[in-house]
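Q: Handing you a structure now.
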Amino acid sequence: MAEVANLSSGSLEPTVKPLAAACYDNNLVNSQGMFLGDQPLRFSLPLLLVQVSLILLLSAAAHLVLRRLGQSRFVTHMLVGVLLGPTVLGRSDSFRGILFSERGTYILESVSLVALILFLFSMGVKTDLSLLRRPSGRAVAVGITGSLVPLAVTLPVFHALQPSLPEDLRGSSLITELAVRLSLSSFPVIADALSDLDLLNTDLGRIALTASLITDVTSWFLRACSAAVFLVSEAKSPAFTAQILASFVAFVLFVGLVARPAGRYIAYKRTPAGSLLSEGSFVVVVIAALLSALVTDAIGFKYMIGPMMLGLALPGGMPIGATMTERLDSFFIALFLPVYMALSGYRTDLAELNKEETSEKWCALELFVGLCVSGKLVGCVAAGLFFSMPFRDATVLALMLNIRGIVEVAAINNWGDTMKATAEHYSILTLSMVLITAVSTPLIKLLYDPAGQFMRAKRRTLEDLRPSADLRLLTCLYSEDHAAPLIDLLEASAGSSRESPVSLIVLHLTELVGRAASVLKPHRQSRSGGGGGSSSDRIMNAFRHLEQQAAPGAVTVSPYVAQAPYSSMHHDVCSLAHSRKANLILLPFHKSSDGARSTANNSIRSINRAVLQYAPCSVAILVDHGLAAGSACATSANSLLQRAALYFLGGPDDREALAYAARMPDAGNMSLTVVRFKLRNWVGMGGSDEARDEEVLHQFWTRHRDNDRVVYVEKTVEDAEGTASVVRSMSEKFDLLIVGRRGGDDKDLEGSAALTSGLSDWSEFPELGVLGDMLASAEFASRVSILVIQQQPVKNATAC
């Protein structure tokens, strides 16, 4: 522990850990119970269980409070360790002797180190090296500049002040290694932090991940080289030097020529598509990760290098990466990695820093930490400004790349193990890492709103679009089951000629599993031809079939795929709609039915609601209550949508719905009935909204009065009950019902509010609006599909 002095070497400098193991009876493992006279906490197993339980319990309780302040789990675990350590509770000799004796912490640390090894291996598997193939210029510039500037500032200052530094820093390599470590950004740490912040798939998040990966891969290579140079310099003979180099080269060759092909064989040959690894394959992979740490540690390289190299060599995603997430990350790593961080905090003795003789070391170390952090901030901001990034975004990007975590703590622990850092150095540096992250993450939340760019964007609506203009539709799918009903709808509304073209941007959304970095890219057909290709291949083939069946030039399809956490998946939808200038985003409803039973996905519901709130254009949700066209290869011959009705009550959402429905009669054989609801004895307020309603209805009827497939009907009702009665009596005559979402608190709808007053009191799906929710309920015909359309207002409302 921190307060143990290195008396054997004759030095008075305290070390981070005891130099020699305490004497104890290694047979004391299982207790026979306190009723038989045993003291359970004197035995290894009961003590380990109490220690782990205490750390996890305190961490969970502390995080409930600290997460409201924007703090990450890393900060929570470290502060829990400080609480248990000699700074607070550990000042009591009895507490420390009973729960955290030297014998107990050795066992606890050994288990937590296994968790660290598996964490590094898992992150290596999830790392997507394809990010390095074509990195953006901004990511390269930010990564390189953000690493070189702090080095260029810190190292000259260190050499200039070296004669006046404390003796333990003057002749040590600690400052140099600290400057190198803090000038770099750790990809596992940045990816984990951005995942907690739900920023993985934002613009700045992607730049930060790529920049950190560039510097991290470089740092792992330099770390291996520096370890090799050190071992060679310590070699006693040329033969010993040759053995060191040959051992490392043999390990690298084994990883590249044996482990990588074996991993690909397990992933793609032995494991069925879409399945996790078998139990035997999973055990083989985990054993390989542990042995890689053993080998690199045995040949003189750090134990962290082996698992990371092996993980990078294995294919990520499904099935290996997904299996690591499902079976390893969610249990063993989640259980014991917090213990590793808590132990690091436990060794931090802030009481030592109050001593007068420690103040000089404190000031010296904090000077160099401050130089590194500020140098990295300046370098990243300068690179961002060079590429015309807003100053605020450049600052947020610099804060992202300054986040510190378990990799930095592992480096500090290593410096303590090798005696480069004394107990005072260790406490100062771990506290600094906690403070840097504790300040950075709340500032990122405060300064960066990824939805802001969509809210500030010019709104694109169907109402303002000329009938002959190109209709740009962003069609989103979460699974193959969503393809058939969406294709049916598009066939009924897509242009039949080049005079009214439709540009389809098809986006297949899947949850990010087994990878650390999110994906948003154009879809490319997979190379493997077995099994009909991937799910994305089959979906895109169905939409390409739609493109081929349409008139030449009438429909164009641009396929995309996205992998992201459900919690932030709406960023990809809104970002693609913004960049491709979409007029309408088409989403499937979160509930689906096969005629016998219905299933709901609340994650999809959350995404749909977020898109409704933040989208830069109009949004439509399709509730498929009809029997799907059977497969993802639906064609016009088996389309089920022949008769559509639009219920028009008034307001911007209803006008948007009318603008979409007006394209249907020209697209194919779809018949359209527009039902205008009027309130009896309503004289109107003469507002601009009512005038606009009359104008668009007049334009619609003028355009389609000679079309036999278009019917216009006006229904006069007394109140909302009359509206519901008319809707209930007419709906079963149609295959598709189109309604405006009509937000319940929209002030523009005062003139027609009485038409739906009270209908929303028992609303189950507020994202569908009043009429949409009523139509989607079980009391209506289960074979009628519903399309709910929202015209995005200039100022977004609160989340639905």
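Just so you know, glycine gets a Cβ as well, placed from its N, Cα and C.
Worth saying up front: this structure is predicted, and the values here are computed from it rather than measured.
As annotated by TrEMBL, transmembrane segment applies to 43-62, 74-92, 104-125, 137-158, 239-259, 271-295, 328-347, 367-387, 394-416, 428-448. TrEMBL lists 56-441 with the feature domain 'Cation/H+ exchanger transmembrane'. As annotated by TrEMBL, domain 'Cation/H(+) antiporter central' applies to 505-630. What TrEMBL records for 646-792 is domain 'Cation/H(+) antiporter C-terminal'.
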Q: State, in range form, which of 271-295, 328-347, 394-416 has the highest count of Cβ pairs under 8 Å to the transmembrane segment (137-158).
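A: It is 394-416 that shares the most Cβ pairs under 8 Å with the transmembrane segment (137-158).
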Q: Look at every Cβ pair spanning the transmembrane segment (104-125) and the transmembrane segment (428-448), keep those 6 or more apart in sequence, and say whether at least 3 of them are under 8 Å.
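A: The answer is no, given that the two segments have fewer than 3 Cβ pairs within the 8 Å cut-off.
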Q: Taking helix as H, G and I and strand as E and B in DSSP, count the residues of the domain 'Cation/H(+) antiporter central' (505-630) in helix, strand and coil.
A: 45 helix, 39 strand, 42 coil
Q: Counting only residues 6 or more past its boundaries, what in the same chain has a CB within less than 8 Å of a CB in the transmembrane segment (428-448)?
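A: Here the qualifying positions are 69-72, 74-75, 78-79, 178, 193, 197, 199, 202, 204, 344-345, 347-348, 350, 353, 361-362, 365-366, 369, 373, 392-393, 395-396, 399-400, 402-405, 408-409, 412, 415, 421.
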Q: With helix taken as DSSP H, G or I, strand as E or B and everything else coil, how many residues of the domain 'Cation/H(+) antiporter C-terminal' (646-792) land in each class?
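A: So the counts come to 65 helix, 31 strand, 51 coil.
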Q: Are the transmembrane segment (74-92) and the transmembrane segment (367-387) close enough to be called in contact, which here means at least 3 C-beta pairs under 8 A that are separated by 6 or more residues?
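A: No, the stretches stay apart by this measure.
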Q: Decide whether the stretches the transmembrane segment (394-416) and the transmembrane segment (328-347) have at least 3 CB pairs under 8 angstroms, with pairs required to be 6 or more apart in sequence.
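A: Contact confirmed: at least 3 Cβ pairs fall under 8 Å.
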Q: Per-residue pLDDT averaged over the domain 'Cation/H(+) antiporter central' (505-630) comes to what?
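A: Taking every residue in the domain 'Cation/H(+) antiporter central' (505-630) and averaging pLDDT yields 86.
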